[in-house]
Amino acid sequence: MADVMEQNLLQTAVLNRTSFHFQPQRNWLNDPNAPMYYKGFYHLFYQNNPLAPEFSRTRIIWGHSVSQDMVNWIQLEPALVPSESFDINSCWSGSATILPDGRPVILYTGLDVNNKQQVTVVAEPKDVSDPLLREWVKPKYNPVMVPPSNVPFNCFRDPTEAWKGQDGKWRVLIGAKEKDTEKGMAILYRSDDFVQWTKYPVPLLESEGTGMWECPDFFPVSITGKEGVDTSVNNASVRHVLKASFGGNDCYVIGKYSSETEDFSADYEFTNTSADLRYDHGTFYASKAFFDSVKNRRINWGWVIETDSKEDDFKKGWAGLMTLPREIWMDTSGKKLMQWPIEEINNLRTKSVSLDDCYEFKTGSTFEISGITAAQADVEVTFNLPFLENNPEILDADQVDDATLFDRDSSVGCVYGPFGLLALASSDLSEQTAIFFKVIRRGNGYAVVMCSSEKRSSLRDNIKKSSHGAFLDIDPRHEKISLRCLIDHSIIESYGVGGKTVITSRVYPKLAIGEAAKLYVFNDGENGVIMTSLEAWSMRNAQINSNPTY
């Protein structure tokens, strides 16, 4: 019986493996590192344990893949492996910088021979004429930065991409935590030559109660349009974003930065609460962004962890994947970022279905989206709501806790909803991941909550099943509610209202796999909603590291 159960798990694991998300063929993946474009190829490096599907503090290397469209990838030899006293215990995360002469340089974190102290290391390509950048060398002058006295030896890591100030000096941030406190910080270093680095007297930003800041990012965003700008651009037409990964989330602040005074005036501080702005409200961490000079856009990648058991990961033989690459830009309000899958993802669309006529969903209605491969799909749907009136008898949202608001089975306090999509659902709906909206009263108006519930995502045990949610910055009286979901067997990326809010869910259905998976539109609210448009596509497989060249 045990052998049969294990065989069933392995068969399910094969069908749970994604078909157009980035992941290695086997073993462990975590943080995305040093994405860049160089001589005709996009490069993505990543944290990799080549020996097992688990994290290791002593054998992490840099995996390396290249692509011409950020959709199909070829796996190359590892770029960085532990080899010197300054990184002999692991090559941890870092970033790439393109120097003025066009040469790429990597700054990364080495765990040195001295009690695995975290230090910053420079790596350079051995042959800059090689567009694939297959070989990297580590100059003998390394390491170039070591933990300052007020930072623990193991809380100093993940250098950002460097940028140039008006004085011509290079700047870079290192994620850190203050010794004996929970104050997280981004430590600023400056250099004339990318070799000798000097710590600035005060951090660029710090916040109490957040703990260690991992994988920081710092970059300008245009306030005049959607196009991205180079990381060193700093003028009146941009504001700056500082992102830090802590508490299991990727949070960011927006502010104005001056390289003359090294002052970053953020609109708010990190709080390590739900009040922090997040790239993604689901399973998403340790992201890394870069400026794509080919199409003048800023692209962001995030790591999606497994939420099953370590035992299951060993049986599968793999763990960890990346989100789809997302374009990011400033919302017209200037207060938050927008995100959307890069346009190249659309090239995977094949068979499609659509519904142009309006369709009313009364309470309890369910509508199957048939004619596509529901386990591997891209779907966009738009809803409109009948006229909303101010009704003092409706419960104000401030009286409803988040757990209730994000609960797929609760309509407490809702004017409309829950309504939305049931993805990776079984035919009897015993398995389903619900991506839905609720419209609630708040003050003198209304607010919209977007959620993704994994409570019924799988009949399997030993799987973390969470409910994620966030408020959408729209007024449902004047704007339609739209949703795009990219479904890939065991991951669902959901984008609300053009990318105002994003939620990634990692799920492992037992029944809703392969051809047995279903996709539905539903409305469980007390009031009817109108679906004004629906488009859905089957997605073809991408070539993801299936043809390693070594």
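Every residue, even glycine, has its Cβ placed from backbone N, Cα and C.
For TRP28, LEU29, ASN30, ASP31, GLN47, TRP92, SER93, ARG157, ASP158, GLU214, the entry in Swiss-Prot reads substrate binding site. The DSSP secondary structure for TRP28 (substrate binding site) is strand. There are 24 other Cβ atoms within 10 Å of the Cβ belonging to TRP28 (substrate binding site).
With a 10 A radius on its CB, ASP31 (active site) counts 25 other CB atoms from all the protein chains. Here Swiss-Prot flags ASP31 as active site, drawing on sequence analysis.
What Swiss-Prot records for ASN235 (among others) is N-linked glycosylation site. Look at ASN235 (N-linked glycosylation site): DSSP puts it in coil. In the shown protein chains, 8 other C-beta atoms lie within 10 A of the C-beta of ASN235 (N-linked glycosylation site).
Residues or ranges marked as N-linked glycosylation site by Swiss-Prot on the basis of sequence analysis: ASN272 (among others). Of all Cβ atoms in the shown protein chains, 17 besides its own fall within 10 Å of the Cβ of ASN272 (N-linked glycosylation site).
Maximum intra-site Cα distance, substrate binding residues TRP28, LEU29, ASN30, ASP31, GLN47, TRP92, SER93, ARG157, ASP158, GLU214: 20 Å. Among the recorded positions ASP31, ASN235, ASN272, the ones whose Cα sits within 10 Å of the Cα of GLN47 (substrate binding site) are ASP31. Nearest in space to ASP158 (substrate binding site), taking C-alpha to C-alpha distance over the recorded positions ASP31, ASN235, ASN272, is ASP31. Its own atom aside, the Cβ of ASN30 (substrate binding site) has 21 Cβ atoms within 10 angstroms in the protein chains shown. By the criterion of other Cβ atoms within 10 Å of the residue's own Cβ, the least surrounded of the binding-site residues GLN47, SER93 is GLN47.
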